[in-house]
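Notes for the one structure printed next.
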Amino acid sequence: MFSNKLDRLIWRRHRKMMAVIGGIALLGTVMMTLILLHALKQNPEPNIHIVSGSIHKWQVYKGNYFSAYSWWLIFAFWLGGLEIMHLDLRDHFNEFLFSSGFSRLKVYWAKLRIALSALLGMSVVILAVQYLLYWLSKPNGTTFTLAWPGLITSWAMGLAFSIGMFSLSWFAALIVGQTGSLIVTISGFTLSLVGLGGIGGSILSGSWFKISQATLPWIGAGVWLITAVVLFIWGAVLYPHLSLEHNGEYLLFPRLRVPVYIVFVVYVTWLYSYDSDAATMLGAFILAALFGYGWLWRPRLGEKWHQWRESKQARE
């Protein structure tokens, strides 16, 4: 499957976990499909079209009984970014690769190439199974008709979103070294994107920009792809400087602590005080500043606490 030695090593290392991720995504997609088909069978109306006529338009397809791109694939990409980057750090596989004579940049791009290849192949298989299940299990009296315009548009938007989510979890796993903290950090940020998307959509469709609702998904896809490219390149810049002596710390690159803190405070303040008064903004800023400081500098605060206790016990 992979020609060079580095690719084979990385693939043998991650193929089981990728199979698990693929199994989760496949199971979730099949379950959702069966639920929708069951709901369809409960509908007493005759001659139901599972896929509506909007599938013939160049827009993301949205229907009551059929989704052209499974949301479980987005979750699989998100989970895949965490898996391939963080497990190698936690289980010291990076040390093995670095000591085997492979340059860090080659390792970085090989991991990215293998992860995306596996996830794209996984997406093709899962979508094929989903469509086949609809075709074989559709109730009597229903029609299941697909068209390229809606499918291609939905696939393009779905993959752009998936790759963007992959890049977020990939980059987070690159700079955060603690498993629990990584999960909390990337999960919280991912959930916050729901609010960010709503705010961004209202701004772009408002009186200033006046962008139509049909155009917003294309802008969103472009933003996700640009974000992915930026994070992949930034990760390539950071990866050669990954120091194994910082394993187990929250940030594997201590110099990022202040920039991350500033971005966190600005982002959280803006997110929770958008279109609010000055008092709400000030309150959000104070809470974000205090929480961010405690979260990012907690190892040092813990060290100071232990030092204070030891000095107190010594005096006693």
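Note: Cβ is positioned from N, Cα and C throughout, glycine not excepted.
Keep in mind the model is a prediction, meaning the values are calculated, not measured.
Annotation comment: TrEMBL describes 20-40, 69-89, 110-134, 154-175, 182-204, 216-239, 251-272, 278-297 as transmembrane segment.
At the 8 Å Cβ threshold, with sequence separation of at least 6, the transmembrane segment (182-204) comes into contact with the transmembrane segment (69-89) through 3 or more pairs. The list of residues near the transmembrane segment (154-175) in space but at least 6 beyond its ends in sequence, with Cβ under 8 angstroms from a Cβ of it, reads 60-61, 68-69, 73-74, 76-82, 84-86, 89, 112, 115-116, 119-120, 123, 127, 182, 185-186, 189-190, 217, 220-225, 227-228, 231-232, 234-235, 238-239, 242, 251-253, 256, 260.
Proximity of distant same-chain residues to the transmembrane segment (69-89), defined by a Cβ-Cβ separation under 8 Å and at least 6 residues beyond the stretch ends, is recorded for 10, 13-14, 17-18, 21-22, 24-26, 28-29, 32, 97, 111, 114-115, 118-119, 122-123, 126-127, 130, 154-155, 157-159, 161-163, 165-174, 177, 179, 182-183, 186, 190, 247, 252.
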